[in-house]
Amino acid sequence: GACCDGDGRTTRAGGCGRDECDTYVRVCLKEYQAKVTPTGPCSYGYGATPVLGSNSFYLPPAGAAGDRARARSRTGGHQDPGLVVIPFQFAWPRSFTLIVEAWDWDNDTTPDEELLIERVSHAGMINPEDRWKSLHFSGHVAHLELQIRVRCDENYYSATCNKFCRPRNDFFGHYTCDQYGNKACMDGWMGKECKEAVCKQGCNLLHGGCTVPGECRCSYGWQGKFCDECVPYPGCVHGSCVEPWHCDCETNWGGLLCDKDLNYCGSHHPCVNGGTCINAEPDQYLCACPDGYLGKNCERAEHACASNPCANGGSCHEVLSGFECHCPSGWSGPTCALDIDECASNPCAAGGTCVDQVDGFECICPEQWVGATCQLDANECEGKPCLNAFSCKNLIGGYYCDCLPGWKGANCHININDCHGQCQHGGTCKDLVNGYQCVCPRGFGGRHCELEYYKCASSPCRRGGICEDLVDGFRCHCPRGLSGPLCEVDVDLWCEPNPCLNGARCYNLEDDYYCACPEDFGGKNCSVPRETCPGGACRVIDGCGFEAGSRAHGAAPSGVCGPHGHCVSLPGGNFSCICDSGFTGTYCHENIDDCMGQPCRNGGTCIDEVDSFACFCPSGWEGELCDINPNDCLPDPCHSRGRCYDLVNDFYCVCDDGWKDKTCHSREFQCDAYTCSNGGTCYDSGDTFRCACPPGWKGSTCTIAKNSSCVPNPCVNGGTCVGSGDSFSCICRDGWEGRTCTHNTNDCNPLPCYNGGICVDGVNWFRCECAPGFAGPDCRINIDECQSSPCAYGATCVDEINGYRCSCPPGRSGPRCQEVVIFTRPCWSRGVSFPHGSSWVEDCNSCRCLDGHRDCSKVWCGWKPCLLSPQPSALSAQCPPGQQCREKAMGQCLQPPCENWGECTAEDPLPPSTPCLPRTTHLDNNCARLTLHFNRDQVPQGTTVGAICSGIRALPATRAAARDRLLLLLCDRASSGASAVEVAVSFSPARDLPDSSLIQSTAHAIVAAITQRGNSSLLLAVTEVKVETVVMGGSSTGLLVPVLCSVFSVLWLACMVICVWWTRKRRKERERSRLPRDESANNQWAPLNPIRNPIERPGSSGLGTGGHKDVLYQCKNFTPPPRRAGEALPGPASHGAGGEDEEDEELSRGDGRLSRSREVPLTQIHQRPQLLPGKASLLAPGPKVDNRAVRSTKDVRCAGRE
């Protein structure tokens, strides 16, 4: 058909007679209506086009028109005539109703209903996007096709165009916008509006903050890199603070500013010369001086010159402050002890070392140079530096040693080390030539020290206890206040009885006690149950991020529950969300799905809303549940030329005779251009018609959409698909966005977590995983680790980031101040304080401190050596007060040349007296003699006997033997040779020594230490050690007396019988025949000759029991001297039995004592005990010995060895 303007008629050809219609379009946009009403206001807006054409017209595609419109709007041009833009200033509701009307424009006609060409409507749903959506309408008169779309204005986003985001970088925010309108904070900014700067990592936000990223500006009263240090009270000297403007004093300090020293004595030790310091008042003290000293600090002696403080001949003058020394020429200093340095001009050449002397100097030259100033090259081989070598070859500026096999080093003094950790239990490996030897510590033995003999070797006694070795174990001698098998039990009166309750252990302190409480109790005596919040004033941060004392109990808004919930704090820092109606989930982030059960009927699409739902009905249905089919027969679509039947979204006309077509308006054809809608093809069947619908449509006239665009459902993650012909829209659930709901909304943008917390993004929720030490929903709260009172009683807890620090009171230590510092007393020695457990050396003795008691070895160190000088004043300056330097006996120099040494002696105290002296023959159970033989070539020049004796006294073995008794070691040149030194060893006092075992073990220990060669360079030259000790043997006449008595009794009876028999026989022979008398010797009586004991001495019988105990001198030679061939022992006869004669001779001398002498080679020591034979050996026949040759015991050192 054709649309004709005015009252024009159509021509026979079907066109308009006068003029066609001037068509333009009006558009009305209003809220969604299940049943569209064309009347009423256009609540969303309206628009109209200019005249677009006449009967039929076609406009360019909407996409090109839209692009052209945007281009013209930018250039200021006119809008495309076919484009209608309806702006709105509200959130797009997504559902809408669109009414489109085609009108005929005629200036000559008053507008009325007749001018309306066609009206169509569409109710549906559409999301904002750039794509166009096509709509097809087939009305009663006209057929319309148009495209629609909804676009958000610039800087508006989301499905409702109500999310505003405009990028900015100013005072009001620092962010950009993503494609979904989410604010993306720039680096260094956080918060909802990206206005909060990200402070420096670790910055304490309770005491500081920042205005620019990376900053940490402290609040008033706080300081430090992270604003975690409080500012102390101004002027606070020796104190600290936990809160600002406080001054908590350190130990021993007091006063408002902690500047008053409460223990001046302990901090400064002002008193000297043994004065006792007393704390009088803060910053004040008093010194109690010993006799002979005055002054505030006991620094001034009463008779300052009495001790002759001026050295080197200086004269002493007492002054008010003490003394002054007037020094002689060449000396200076307060005590005239500073010599003029003649070495200032560096007179020594060739790298020699200059030693300043009085009025001169001495050059100590390198080994390859000699002369007064080291200007001459020396023959290094003259000093025999090569120890284990074939020969020494002198070189220019040096020498070369041709070493023997097995040795190396410049002097062939290094033995190839065969020690590789074989010795156990701390044993010392001694390297030998092609071998090794383990020197075991006390208590261990075996080749590798693998056998334990001494139970105290592992030091089992604790806290200063002294271990005593027993046969079957050990015993600990505990210090005062300790007991138990290992001195581990404190028995001080503070803890007896135990004041600590609830199973706590008591520790004794110096003036108090300390209870180590279990976890559930606290207080002085562990009697107070430990509360979670001591005192009830808890400042625990609750799970919602608020302090419990800062708000009323109940629900509080918090970002953790989102915009649809309220946070409720639970015990233990937890929380719970109370959700608004229609929401559920841990964080109230899930909108309850009210579309469960599919309430919409007849294919309606259910749209979930907050606590409600809405049904989007397909064409042909309406109502809240899409259960109402509107009557499509209204108004009269059959034009009163037939009967109308209502269908779903359609109608059917049964036309009267002569009328055809869908609306009964034609008499010729069943089909026209508008019979089938939405592009359907009409087929005329004479009396009826049939529509072939395109894809996506169905129905008799293709008016029902199949909604095939939502099959399969393109919307994911629970999105609802709303189809409209060949297009669709997705209604996404909260937390999802995008055309098909594939993008999870980033709930972590902008950054919601503080203090380095990590944000975990969920679906419409987020969670902050806080860094260690922080808590709360957004990690802005520093956890107060001190709330649980982790520090022990009496300690102060200081909260820190991710931890705490306990400030301990005096006497306590440990991370929680739970460990007790055992108070011990120091030891004083020669004016020096030594703490408990420390060790030091005094002269030749070793000492250790045990709770105020000095435990020192008791070795008599001898007189102090001094250099003899022609000036008498210089002699006394080298010796302690009260002693004088006197010349020693001649012959003390072992390797000349030696300095002119003397010794400091005094009349009081006198050295201990002992009969055990070197170069004498005295030996008893408290006397041993050691004879040390030296290799003269290895002894350094200037070595004296006193130096060797000092080295032996300083041996650890010597000190260990002198723990309980005074040990005397006296040395002298031996008479046996020029390179031997004799050492006499004895204890003082000797009256309570039971036997000789102590002196023997001491001598053996000293010999073993000397053989190690590791203590002194002098002992490296020792080649042989000879040991002489005494063994007290038992009486040898115990079995001799009864045996001899039995023998003599038998002989006497036999003689009596024989005499009687022989007398009778002779008498009978005289009477019978009187034969001549036989005067020949009867040899059978030879065995009856009297037997004399060769060891009998006048006045003592071998058979008697009244004689004293036999004392046996054992002679042991480990390197025996050779005997000349044919050498015989003294006596009237020698039968060639040299061994027996020698033994008889030894037995015949003295009163039964046997001298035991051992010559010990340095490399190995053997002991071969030679006990006296039994009674049989004493009665054995042997050569007669001239008893006149026997000397007294005092003359015998070792028989046959002198």
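Including glycine, each Cβ sits where the backbone N, Cα and C put it.
If you take the C-beta of CYS152 (disulfide bond) and look for same-chain residues 6 or more apart in sequence within under 8 angstroms, you find TRP92, PRO128, SER158, CYS161. Residues or ranges marked as disulfide bond by Swiss-Prot on the basis of similarity to another entry: CYS152-CYS161 (among others).
For CYS165 (disulfide bond), the same-chain residues 6+ apart in sequence whose C-beta sits under 8 angstroms from its C-beta are ASN155, TYR157, CYS177, GLY181, ASN182, LYS183. According to DSSP, CYS165 (disulfide bond) sits in a coil region rather than a helix or strand. Annotation source Swiss-Prot lists disulfide bond at CYS165-CYS177 (among others), citing similarity to another entry.
What Swiss-Prot lists as disulfide bond is CYS218-CYS227 (among others). Secondary structure at CYS227 (disulfide bond), as computed by DSSP, is coil.
The Cβ of CYS305 (disulfide bond) has 17 neighbouring Cβ atoms from other residues within 10 Å, across all protein chains displayed. Reduced to three states, the DSSP call for CYS305 (disulfide bond) is helix. Among the features that Swiss-Prot reports, disulfide bond is placed at CYS305-CYS316 (among others), with the record citing similarity to another entry.
Away from its own ends, the domain 'EGF-like 5' (339-375) comes close to residues 312, 330-332, 385, 397-399 of its chain (Cβ-Cβ under 8 Å, at least six residues beyond either end). Feature annotation from Swiss-Prot assigns domain 'EGF-like 5' to 339-375.
Sequence annotations record features per position, and here Swiss-Prot assigns disulfide bond to CYS381-CYS392 (among others) based on similarity to another entry. In sequence order, CYS392, LYS393, ASN394, TYR399 make up the list of same-chain residues 6 or more apart from CYS381 (disulfide bond) whose Cβ falls under 8 Å from its Cβ.
Neighbour list (CYS412 (disulfide bond), Cβ cut-off 8 Å, at least 6 residues apart, same chain): CYS386, LEU387, ASN388, ALA389, CYS401, ASP402, CYS403, LEU404. The disulfide bond feature in Swiss-Prot is assigned to CYS403-CYS412 (among others); the stated evidence is similarity to another entry.
The secondary structure of CYS438 (disulfide bond), as reduced to three states from DSSP, is extended strand. Residues annotated as disulfide bond in Swiss-Prot: CYS423-CYS438 (among others).
Swiss-Prot lists CYS440-CYS449 (among others) with the feature disulfide bond. For CYS440 (disulfide bond), the Cβ neighbour count at a 10 Å cut-off comes to 23, with all displayed protein chains included.
Look at Swiss-Prot and you will find CYS517-CYS526 (among others) tagged as disulfide bond, backed by similarity to another entry. Using a 10 Å radius centred on the Cβ of CYS526 (disulfide bond) and all shown protein chains, the other Cβ atoms total 23.
DSSP assigns CYS638 (disulfide bond) to coil, not to a helix or a strand. Within the same chain, the residues at least 6 positions away from CYS638 (disulfide bond) whose Cβ sits under 8 Å from its Cβ are CYS644, PHE651, CYS653, CYS655, THR663, CYS664, listed in sequence order. Per Swiss-Prot, the feature disulfide bond maps to CYS638-CYS653 (among others); the stated evidence is similarity to another entry.
The domain 'EGF-like 13' annotation in Swiss-Prot covers 667-703, and the record cites sequence analysis as its basis.
Positions annotated as disulfide bond by Swiss-Prot: CYS748-CYS759 (among others). Here CYS748 (disulfide bond) comes close to CYS759, VAL760, ASP761, PHE766: these same-chain residues lie at least six apart in sequence, with C-beta atoms under 8 angstroms from its C-beta.
The disulfide bond annotation in Swiss-Prot covers CYS753-CYS768 (among others). Sequence-distant contacts of CYS753 (disulfide bond), defined as residues of its own chain at least six apart whose C-beta falls under 8 angstroms from its C-beta, comprise CYS759, CYS768, GLU769, CYS770, ASP778, CYS779.
As annotated by Swiss-Prot, domain 'EGF-like 16' applies to 782-818, with the evidence given as sequence analysis.
Residues or ranges marked as transmembrane segment by Swiss-Prot: 1038-1058.
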- Measure from the Cα of CYS218 (disulfide bond) to the Cα of every one of the disulfide-bonded residues CYS316, CYS423, CYS438, CYS440, CYS517, then give the nearest. CYS517
- Distance check against CYS440 (disulfide bond) for the disulfide-bonded residues CYS305, CYS316, CYS423, CYS517, CYS526, keeping those with Cα within 10 Å: CYS423
- Taking DSSP H, G, I as helix and E, B as strand, the domain 'EGF-like 16' (782-818) contains 4 helix, 13 strand, 20 coil
- Message: Going by a 10 angstroms cut-off between Cβ atoms, which of the disulfide-bonded residues CYS177, CYS218, CYS227, CYS423, CYS653 has the sparsest surroundings?
- Response: CYS177
- Query: On the 0 to 100 scale, where does the mean pLDDT of the topological domain 'Cytoplasmic' (1059-1202) fall?
  - Reply: 40
- Where CYS381 (disulfide bond) falls in three-state DSSP terms: helix
- Message: For the disulfide-bonded residues listed here (CYS161, CYS316, CYS438, CYS759, CYS768), tell me which residue's CB has the most neighbouring CB atoms inside 10 Å.
- Response: CYS768
- Task: Round to a whole number and give the Cα-to-Cα distance in Å for the pair CYS526 (disulfide bond) and CYS438 (disulfide bond).
- Result: 54
- Counting distance between Cα atoms, which of the disulfide-bonded residues CYS227, CYS305, CYS316, CYS449, CYS517 is nearest CYS438 (disulfide bond)? CYS449
- Message: Quick check for the class: what is the C-alpha distance, in angstrom and rounded, between CYS423 (disulfide bond) and CYS449 (disulfide bond)?
- Response: 6
- When a 10 Å sphere is centred on the Cβ of CYS403 (disulfide bond), how many other Cβ atoms does it contain? 19
- Message: Can you tell me how many other Cβ atoms are located within 10 Å of the Cβ belonging to CYS392 (disulfide bond)?
- Response: 20
